[in-house]
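Here is what TrEMBL records for this protein:
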- B:24-255: domain 'Phosphagen kinase C-terminal' (DOMAIN)
- B:27-31, B:His92, B:Arg126, B:177-181, B:208-213: ATP binding site (BINDING)
Amino acid sequence: MICQECHQRPAAFHFTKIVNGEKTEVNLCEVCAQEKGEILMFNGQSGFDFNNLLAGLLKIDPTFQKPSQSPFQQEELLHCENCSMTFPQFLKLGRFGCSHCYDTFKDQLQPVLRRLHSGNWTHNGKIPKRIGGDLHLRKQLEELKEGLQKCISLEEFETAAKIRDEIRSIEKKLTSGYEGGK
Amino acid sequence: MSLEHFLNQAVSSWMSEEGPDSDIVLTTRIRLARNFEQYKFPTLFSHQEAQQVISEMEQLLQNSGLQKFGQMELLKIEDMQPLQKRVLVEKHLISPQLAEDSPYGAVLLTENEEISIMINEEDHIRIQCLFPGLQLTEALQAANEIDDWLESHIQYAFDEKYGYLTSCPTNVGTGIRASVMMHLPGLILTQQMNRIIPAINQLGLVVRGIYGEGSEALGNIFQISNQITLGKSEEDICRDLIGVVSQLISQERSAREALRKTSNIQLEDRVFRSLGVLTNSRIIESKEAARCLSDVRLGIDMGYIQNMSKSILNELMILTQPGFLQQYAGGQLRPHERDIRRAALIRERLKMEFNKL
């Protein structure tokens, strides 16, 4: 079949367009099909979409690993406990099932994120005020407690006392924050 | 329905108002993707979970705190007619995906249509702010305010390391998509665009046509947006985009000046021929309409055509889409009937401009 637009190249795309019950057959070659972008617009995505690309990205990975690790078997077994999404399922859909998936598939995820976001794999932007405020304080608290242990073991009691006061004030903030939130 | 009445209903503020650099930048859009912690993502969630997401949003709508962003209305996809959905897609207020593939979808819309919050599309929540002209900082601020307010009532899916968790790993981190719609006839006429697009892609930005992925650049209108959402702050993402957009603006301006110098009369001829087609044609396809509208808009911007509203391109590009034409006609139309309607609508709209004189 020859393309109906240019009448030169062979038709590679065959569309049946039904607009308000009126059926139109369209046979186009690749070049003309691209020009007639209108056809693809409301009938969803073009044939080659993100999922295919993502799946491609992920499937490349195992070849770089040692064959003794048998990565396929491991991935097959791995599934999210919250939504029971498996890794092959994620590959097919290109989308996660729930927020827990990010933790479940963290080992597989890192190389993917690096490729998708030009080498980046940690968040560097906005932190939500409510959940985030807490996060900051808790992180700080952990660090201070570590510091306190260190000071005690080194018998630096003056600094230890200062740190202890800081820890108390943060703990106070955290508890009052929780009450305020609820 | 009279055209004026139809226009009053159909034209959103971002189509008719002018913003900074609006001779080249038509609109600015910021989109933030967010999810509830406790529900599964729309890829897998149950009917019940979908309803819970909607009813949580409905409850928030009752809260007076949300009113400060404007009077909002919740529309459910299942309650909408196909034509209604299509019109919202053509106005960029909802995505084709929400209209076609999201059975439990809904949208919260403000009256001026600057803010729309899509519910249960690919993610539970997608906040969108649409402003006229180049206003990335302003749009980001507006989106952040809504986001902050929602976050004070909703437990978001957020991870210390990965940021805001989204259904698709391409959006994780900031969940932001910042995009700018530009009219670039000068760069097309001087054949520079093919050279520029690959350069923009190398900077982690994407160039698309007016209706997003897979659509062509109808009427010399291009959408430029960020692709990377992880590892950069929202402000940096916007700053990078502004940098590229400002470059494009100055290149487009110099291309227009070069055209004026080298082929003044040819350009003027082209502009008025297109105006002639639009004022006189009885049948017009969307592609030809878009091309002529782009020429006329260029003619207005460059001073060949005077006393005509600049917003005519923005307005008519949207209003001559199939969904709008059918809404104006008050029923479904066959393709060739649409081309007749389109020509009639454009003639009538231009007559309104001529009558102003």
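One is the number of the first residue shown, and numbering goes on along the chain from there.
Cβ atoms here come from the backbone N, Cα and C positions, even for glycine.
Please treat TrEMBL annotations as automatic predictions, because they have not gone through curation.
Positions of TrEMBL features highlighted on the structure.
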residue: B:Thr27; record: ATP binding site; contacts (Cβ under 8 Å, 6+ apart): B:Trp14, B:Gly19, B:His92, B:Leu130, B:Phe131, B:Pro132, B:Gly133, B:Val180, B:Met181, B:Asn314
residue: B:Ile30; record: ATP binding site; contacts (Cβ under 8 Å, 6+ apart): B:Gln128, B:Cys129, B:Leu136, B:Ala139, B:Leu140, B:Ala142, B:Ala143, B:Ile176, B:Arg177, B:Ala178, B:Cys238
residue: B:Arg126; record: ATP binding site; contacts (Cβ under 8 Å, 6+ apart): B:Arg31, B:Leu32, B:Ala33, B:Arg34, B:Ser95, B:Ile117, B:Met118, B:Ile119
residue: B:Ser179; record: ATP binding site; contacts (Cβ under 8 Å, 6+ apart): B:Thr28, B:Arg29, B:Arg31, B:Gln223, B:Ile224, B:Ser225, B:Asn226, B:Leu241
Restricting to the domain 'Phosphagen kinase C-terminal' (B:24-255), report the mean pLDDT as a whole number.
90
